[in-house]
Each structure stands twice: as structure tokens, then as C-alpha cells.
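What follows is one structure encoded as C-alpha cells, with my remarks underneath.
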Amino acid sequence: MQTKPIHNTPTYIPPPIRPSAPVHQTPSSSTPPTKPRAISISTPNTPVAIPIPPTIEPDDSIAAYYDYQFLFMSQRSEATRPITLTTVEGVIPPDFPTGTYYLTGPGLLTDDHGSTVHPLDGHGYLRAFTFDNVTKNVKYMAKYIKTEAHVEEHDPETKKWKFTHRGPFSVLKGGKKVGNTKVMKNVANTSVLKWGGKLLCMWEGGEPYEIQAGTLDTIGQYNIMDGFDFEDHHDESRAGDVWELAANILKPILYGVFKMPPRRLLSHYKVDSRRDRLLTVSCNAEDMLLPRSNFTFTEYDSNFKVVQKQNFRIPDHLMIHDWAFTDTHYIVFANRIKLDVLGSMAAVYGMSPMISALRVNPSKSTSPIYLIPRFPEKEKGKERDWRVAVEAPSQLWFLHVGNAFEVRHQHGNLDIQIQAAACSYQWFNFSKLFGYDWQKRKLDPAIMNVKGGTELLPHLVQVSIKLDSDYNCQECDVKPMKKWKKSSDFPATNPAFSGKKNKYLYAATTLGSRKTLPCFPFDTVVKLDRDTDSAQTWSAGRRRFIGEPIFVPKGDEEDDGYLLVVEYAVSMNRCYLVILNPKRIGSDNALVARIEIPSHLNFPLGFHGFWAAN
């Protein structure tokens with residue numbers, strides 16, 4: 001089959017392995033110290049995609065820098081027609097289900113005019129791996145999502161790119177800085193979902209883009225947030241308060257000048273497997289600048305018909321990326337933020353990313369958690385005010401949720417359990433995620449590998465909340481996973497157990513064996529058994545990194561199925577799709593198959609994926 005090249009991409013040539021060579025010591029002055037204390041990793045002054053790394057021992061700090069760049073190298077080519085992939089190790093099992101694994105993430109991070117954008121602002125690149133249970137073949141396709149920003153910034157005749165949209169997280173070199181109001185760059189690069197016959201690519205700040213499943217052609221924006229009246233649960237007596245007046249002043253500026261959509265859809269959705277419903281959350285654009293947060297929760301049936309829509313106003317300044325649900329509650333983790341006046345001025349003048357206008361707000365020593373009634377009409381008579389947060393005794397910034405469920409006891413008491421990935425307020429920095437350095441237009445792995453990273457960087461936590469029969473909080477506790485305290489993220493479960501009590505949790509993690517990259521990128525899949533409090537791992541190997549694990553169910557047992565994870569083999573300049581047997585993780589035969597993507601189609605680190613069974 002053929003592919004449609006858009007532009008030739010420089011090939012990354014990894015540092016050759018020389019076990020007998022001494023470890024190259026890099027002067028500590030090559031990388032200025034950062035806070036928290038970062039591991040020193042050299043960042044060459046020459047562009048990443050051009051030079052051949054020097055012949056050095058692969059655990060050297062310079063080698064670590066080049067290995068890290070492999071994860072974020074732009075891929076300008078598309079696979080516009082299905083390509084049959086080659087299985088280079090193992091075999092595709094005969095009982096592997098027929099279906100498609102969709103993975104989205106940034107595809108382009110550098111243009112032809114000197115600009116490098118933050119990975120969160122990279123143009124969305126949708127990958128599709130289709131499994132055929134009859135032929136045992138895997139077909140691969142990949143296309144850019146043709147968003148409005150993509151169409152404006154790419155010249156189809158010259159094949160050149162010029163970034164014109166700033167995006168929330170980036171600073172442009174070749175584009176307009178001062179006066180550039182193109183801030184909300186919807187790149188549809190964060191998550192992907194197939195529901196009710198529609199394939200959607202989602203982003204944190206606007207409507208999703210609908211994609212044609214067979215061809216991966218972009219249909220256009222899908223209006224998911226309008227067209228249905230909702231029940232508003234906020235206090236009407238506050239309608240004329242000062243923050244409502246401030247909101248009315250901000251709206252024409254944000255909507256008109258900065259072209260922000262009135263509401264932004266969170267990229268993380270939930271699937272209630274018990275009711276066969278899709279759950280989404282959206283919030284008001286102006287709330288990012290106000291000490292209040294409006295959240296609209298919408299539930300859809302399997303045909304994408306709205307069955308419930310409710311709005312709740314929380315009296316706090318929050319920014320959430322992921323959330324949770326149970327049979328009775330929506331759960332919002334209060335990642336608290338505040339306006340940064342100096343950062344706002346620098347952002348407006350194009351000297352720093354627009355997100356610099358906000359900073360984390362560690363004024364509380366606790367982590368507020370809001371338990372919002374999912375079915376208020378069924379809970380009438382309950383005494384608890386949902387506007388009052390449950391205060392978790394730990395200051396954490398919540399990133400991703402693996403699962404949440406509740407257990408109701410005989411007298412009506414309720415236990416809520418949440419498994420998530422969280423990090424420290426001290427470490428979290430909006431504009432420096434993934435090590436983005438807009439001054440040098442580089443990605444610095446040192447920021448993601450700080451000393452003391454176990455407690456600062458993303459790690460797995462268990463949240464336990466005990467409520468009485470009126471939903472008043474009796475106890476709240478947050479603890480790291482006992483048997484796994486290493487840097488971890490992207491927690492996942494069998495989707496058939498979403499919202500139900502689960503025994504197993506999977507996540508991307510690291511063994512910490514590489515001194516120069518001990519915390520990130522991840523190189524290992526961990527399987528946690530919550531009943532026995534045990535952990536088993538599968539590691540990709542030396543100088544091989546992984547993304548988010550996805551569970552593909554095939555039976556009734558919770559771990560009956562397969563895990564899919566993309567492997568980035570830096571040492572071989574290859575990307576692979578790996579199939580793992582969840583029951584065998586921890587043993588030598590956990591790997592079922594390793595499927596190779598052609599080297600000219602290597603792609604950057606993906607964010608989130610979705611398994612769609614046929």
C-alpha cells in the first residue's frame with residue numbers, strides 16, 4: 001500500500017551503544033539549575049533534528065537528551081491508505097478481537113519558520129490500528145486532523161508550515177507575537193472516542209472534531225455542547241454578585257477579541273458501563289479568570305441522545321483535566337489556580353505563553369474534592385451541601401483517573417474509592433510540562449526528572465471517602481499505592497469495569513534504572529492487584545519508552561483480555577505496537593506480539609487512545 005508524504009522528515013540517528021566506553025561526564029554548567037532540583041541533562045545548542053549525536057555511552061546526559069527528543073520529533077507524512085504491518089516478534093493470538101485501536105496526540109511541533117510549540121499545542125495526528133480476527137492482519141492508517149488551525153498553518157502546495165496560532169502553551173518565533181489574539185488553538189490532539197456511530201477527536205478548549213472512521217478524513221467540528229436545556233443547580237441569589245458582573249465584562253473580550261468558544265469541553269470523558277452511557281463535562285471559558293467554576297455534566301445514551309444535563313457552580317477557582325463518577329456522584333478534584341498579574345502582562349505581549357497568566361494556588365494544605373449529586377431528584381432529603389468540599393489531607397494536583405466506584409452498606413453508609421495519578425503543586429507548572437522551554441525552543445527532559453521525583457512527579461494514589469447515609473463526610477484519606485511508589489501516570493482498567501469495583505489497575509511507569517532519565521519517559525507497564533496489594537511489571541527494555549496502556553477485553557474475567565501499548569524503541573529508531581497478556585505480567589512470557597510501524601512513519605508520543613470493538 002502507499003502513503004502520501006507531506007514533507008521529508010530528518011531521520012533521528014540514535015547514539016551507538018559502546019558498553020566498553022567510559023561514561024562521559026558532562027560539566028554541570030551545561031544546564032542551569034531549576035527548582036525543584038533537576039538532574040543535569042545537557043541540551044546541545046544545535047537543532048535537534050539535524051545533527052548526528054556523538055559516539056557516547058547511552059546513559060550519558062547528552063544521549064538522554066537525544067533519546068528524549070525522539071518522542072517529540074514531528075511526523076509530516078500521513079498513511080492515507082491502509083498498510084499491513086509486520087509482526088516482528090510473537091504472533092497475533094487467534095482470539096484477539098476484531099476492532100480498531102485509535103490513538104491521538106501531537107504530530108507536528110516545529111514549523112518552517114523557527115517556531116517550536118509545546119506538545120499540547122501540536123497539531124492532532126490520529127493513528128488507527130485495525131485488527132482483523134479472520135486474516136490475523138493489522139492495518140495501519142494515520143492522518144492529520146484538518147482543524148481550522150491546521151488549514152490556516154499548512155500550505156498544501158509548498159508542503160510548508162507556518163504557525164500563526166499561539167495556542168495556550170507556546171511562544172512563536174516566526175509568527176506574530178504582540179497583538180496575536182489567536183490563543184485558543186483547537187488542535188484536537190488529546191483524546192479520541194467512538195460513540196453512537198461517531199468518531200471524535202477531542203481537545204481541552206472547544207468542540208471535538210468528527211472523523212470518518214474508514215478513511216480518517218475530517219468531517220468538521222461536532223457541536224456536542226448545545227441544543228439541550230439543562231437543569232441549573234447554582235444559587236440564583238448570586239446572579240447579581242460582583243463575579244457575575246465581572247463575567248459579563250469578560251465575555252465580549254474572550255468571545256469576541258480572542259475568539260474563545262463560550263464553553264470548553266474537557267477532553268476526558270467517562271463511560272458508565274452499567275448504564276451504557278457516555279458522560280462528558282464542559283465549563284465556561286471566562287471561569288478560568290474568576291474565583292468560580294461552572295461545570296455542565298451531560299449524559300448520552302448509546303445512540304448519542306442526551307438523557308440528562310445539569311449545571312453546577314462551584315465557588316472556587318479551579319482547573320481540572322480529569323474527573324470521576326460513581327453511581328450517585330460526579331467527582332471533581334479541585335486543582336486550585338489563581339491569576340498571575342505579571343505573567344498576564346508577559347503573556348499579552350507575547351513574551352511568555354498565555355497559560356502564564358495562571359498559576360497553581362497552594363494556599364490550602366488540603367486537596368478539596370467536590371462530590372456533586374448525579375441524580376439530585378433521587379437524593380432529596382439528604383442533608384449534605386454539595387458546595388462544601390471534602391478536604392483530602394494531602395496537597396496534590398490530580399492528573400488522571402483510572403477508576404472510581406462506591407460500596408453501599410446496609411445502613412446507607414457509602415464508601416467511595418478512587419484510583420488516580422497525581423503530582424505535587426510544588427512541581428506542577430503549566431507551561432513547562434514535558435520540559436518545554438520556549439526561550440530555547442527545546443524540550444528539556446531534566447524538568448521531568450527532578451530529584452525526589454517519587455513524591456513530586458506524577459504517581460499513583462488511592463482516595464478513600466466514607467459518607468454517612470446523608471452523604472456527610474465521616475473520613476477522607478489519600479495514600480500512595482502501597483506496592484508501587486515510582487513515577488507513574490495513565491492509569492487504566494478493563495473498560496467493562498468502569499464505575500464498578502475493580503481488582504486490577506494498570507499504568508505506565510518506570511523502573512528508574514536509567515540514571516539520567518529515572519522518572520520520565522516511562523518504560524514499564526505495572527499491574528496492581530488491589531486485593532493482595534501486590535504489583536507485577538513488564539518492561540520494554542533498555543532505551544525503549546512506552547505510552548498509555550489500553551485494555552482490550554475478551555471475556556468475563558476482569559483481566560481476561562489484552563493490553564495494547566505503543567513502544568518507542570529509541571535504540572532502533574522504530575515505533576512498535578505491543579500486545580501484552582495481562583494475566584502474565586510479571587512473568588517472562590507476558591509479551592504476546594510486537595508489531596512494527598515502518599520507520600518512515602515513526603510518530604511522536606501519543607496522548608490518549610480508545611479501543612473500538614467491531
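Any Cβ shown, glycine's included, is placed from N, Cα and C.
TrEMBL labels come from automatic prediction, so no person has curated them.
For reference, TrEMBL has these:
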- 1-11: compositional bias 'Polar residues' (COMPBIAS)
- 1-46: region 'Disordered' (REGION)
- H233, H321, H400, H608: Fe cation binding site (BINDING)
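Location within the structure of each feature annotated in TrEMBL.
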residue: H321; record: Fe cation binding site; CB count, 10 Å: 16
residue: H400; record: Fe cation binding site; CB count, 10 Å: 21
residue: H608; record: Fe cation binding site; CB count, 10 Å: 22
